[in-house]
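Undergrad: This is the structure I have questions about; it appears just below.
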Amino acid sequence: MTPVQRRRLVWVLLALLASGLATALVAMALERNIAYLYTPSEVLRGDVDAQSRFRLGGMVVKGSFNRPVGSLEARFEVTDGDAQLAVTTSRILPDMFAEGTAVVASGRLQDGIFVADEVLAKHDEKYVPKEVADKMGDAHRKHDVPVTAPEVR
């Protein structure tokens, strides 16, 4: 092998090594920042790493919303039809937030309570987020509840 060929081979190997390292770093960063959607049943069953950040999806249980006067601290429960999980947040809730509506909350589990740092609510009476509709559909089929097809956007 001539010196020119050897030098080219070294550069090619260095380029491959650098691109492999960059790919691995990007994959690790994305994995740390990804937040999977779970239902209350999956959380209570232990399908979620207690230390990880994730999204909780379901319906706000009617009669569960509580916010002390003059406080941003809100407490409510989310259900998927099988189980209920208490949620607390100190953030401003969206205008469309209401009991009996679909929500997706992002946060962490602490002492059996989901502490949300973001709460998203549906934006009209027909809309349910696709991931929530799919997971709620499983609970509906399990309990023989007729499933109405939500408008998915």
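Glycine is no exception: its Cβ is also placed from the backbone N, Cα and C atoms.
So Swiss-Prot lists the following for this protein:
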TOPO_DOM  1-8  topological domain 'Cytoplasmic'
TRANSMEM  9-29  transmembrane segment
TOPO_DOM  30-153  topological domain 'Periplasmic'
BINDING   HIS123, TYR127  heme binding site
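What's the neighbourhood like for these features in this structure?
TA: Remark: secondary structure over the topological domain 'Cytoplasmic' (1-8) totals 6 helix, 0 strand, 2 coil, with classes taken from DSSP.
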Undergrad: Within the same chain, where does the topological domain 'Cytoplasmic' (1-8) have neighbours whose Cβ lies under 8 angstroms from its own Cβ atoms, ignoring anything closer than 6 residues to its ends? I mean 6 or more beyond.
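TA: Residues packing against the topological domain 'Cytoplasmic' (1-8) from afar: none.
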Undergrad: Just to confirm my parser: what is the rounded mean pLDDT across the topological domain 'Cytoplasmic' (1-8)?
TA: 91
